[in-house]
Amino acid sequence: MFKKDSIVAIATPPGKGGIGIIRVSGNLSVKIAKIFLKRLPKEKQAEYIPFYSKNGNTLDQGIALFFKSPKSLTGEDVLEFQAHGSPVALNFLLQEILSIKGMRLAKPGEFLERAFINGKIDLIQAEAISDLINSCSIQAAKSALISIRGYFSKKINNLILSIKKLRMKIEVDIDFSEENFNKISIECIKHDLEKIILNINKIQCSFNRGAILKEGSKIVIIGKPNSGKSSIFNILSGNNNAIVTSIEGTTRDILHEHIYLDNIPLHIYDTAGLRKTDDKIEKIGILRALKEIKTSDHILLIVDSNIDKSNDINLIWPKFNSNIKNKITIIRNKIDLSKEIPEIKIFKKNNIISLSAYTGEGVDILIKYLKDLNCLLLNEEGCILARTRHILEIKKAKNNILNAKKLLNKYNLSDFVSEELRIAQSCLEKILGINNNSNDFLNEIFSNFCIGK
């Protein structure tokens, strides 16, 4: 599906630079080349030639590239002028090209929109290009590049294919069976549904890791009053925002710092000391601390090694909720007083780090541990930098698959199962942009790009 009009835009950032690129796409690309280059460059070959005005005056000299449809970024004829990065010269050449009848200035993201419309990329890949441009770390850039190369798209396409095959199997049963499903069919379909749900769960886990990569994991520091929580918070955040005193209950509200470890974002939360208290303000702080614990990715439980001699979390904190024990690291602080050595070890599946926030002994162990922890959270089967629409559509698809499973278990109703699968397939196709080419929808996606992309 080619668009009839031709577009042009400066494809490099505003301002002076070593190079400035003007990109043209559409049927007029050949005509533009003959006017402003005096000839059509060889296809896919960089040529160093003069750039001319309409009147034949030399404007600049640089590299010209021509890509013939459909073997181009947009799927249309594409011409690029790679000139010196002078804003004045670039704008003059741009205005000259725009003066040719049938040429117009490209809208933000329109080159990529045409690439999508012409089947060169899907919506996931287009959005991943935006994620790559806006990435704040090497890891985020790598993850975006994986999606550009089709990793996420392949996962969704495989799900769609699985659902299509299952729908065909069900519809054959409907056509050739007097009753609904026989026992063999039911077991086969149940197995296929379970497999689809499992693959959706894996994708959702990749979404969670992608969110950590993009937004940062949440590390909550907890412990009894005066155990050294705020001192460790200050060390990790690199400042002294938390007040440190020997008075119990000094921290009464949540303190939050956003830091980077090896270019991976990390959110550190300092909380009120957890204890029984009659102080109304301190009680509010403790309730807020408990709320942060529930939404954390990992917990650092700070203990005073000079008082708490045990490494067993059940003895340190007997009433602690059992379902979050697996994401707790025990930090044995104040080893300068207890005379323990700085180290990391494992006791009953909990990592234990011995350090002194006062002297700095063992702090390097904690920093390295947090870096490794981030890598562990991110490296399981890859990360997907998911958009809100991806998350919502995959959730809808999963709900439809679960509904299909319930209908199969309870009623053996083939028509209803097939319909739930059809809706699930439609949700997954929306992620790729299949059968969803309305102007409003595409404008919402591509208007976030810069002009020239």
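Counting starts with 1 at the first residue shown.
From the backbone N, Cα and C atoms, a Cβ is placed for every residue, glycine too.
From a predicted model like this one, the values you see are computed outputs, not experimental measurements.
Taken residue by residue with DSSP, Glu80 ((6S)-5-formyl-5,6,7,8-tetrahydrofolate binding site) is part of a strand. The number of other CB atoms found within 10 A of the CB of Glu80 ((6S)-5-formyl-5,6,7,8-tetrahydrofolate binding site), across every protein chain shown, is 22. Marked as (6S)-5-formyl-5,6,7,8-tetrahydrofolate binding site by Swiss-Prot on the basis of sequence analysis: Arg23, Glu80, Lys120, Lys453.
Marked as domain 'TrmE-type G' by Swiss-Prot: 216-375.
Look at Swiss-Prot and you will find Asn226, Thr245, Ile247, Thr250 tagged as K(+) binding site.
A coil conformation is recorded for Ala272 (GTP binding site) in the three-state DSSP classification, outside any helix or strand. Summarising the annotation, Swiss-Prot assigns GTP binding site to 226-231, 245-251, 270-273 and lists sequence analysis as the type of evidence.
The Cβ neighbour count for Ser230 (Mg(2+) binding site), using a 10 Å radius over every protein chain in view, is 25. What Swiss-Prot records for Ser230, Thr251 is Mg(2+) binding site, and it gives sequence analysis as the kind of evidence.
Confidence annotation: the domain 'TrmE-type G' (216-375) carries a mean pLDDT of 79 in the model. In this structure, the binding-site residues under consideration are Arg23, Lys120, Lys229, and the one with the smallest number of other Cβ atoms within 10 Å of its Cβ is Lys120. The Cβ of Ala272 (GTP binding site) has 27 other Cβ atoms within 10 Å, all protein chains considered. Of all Cβ atoms in the shown protein chains, 21 besides its own fall within 10 Å of the Cβ of Asn226 (K(+) binding site). Within 10 Å of the Cα of Ala272 (GTP binding site), the following binding-site residues from the list Arg23, Glu80, Lys120, Ser230 place their own Cα: Ser230. Here Ser230 (Mg(2+) binding site) is positioned 56 angstrom away from Glu80 ((6S)-5-formyl-5,6,7,8-tetrahydrofolate binding site), judged by their C-alpha atoms.
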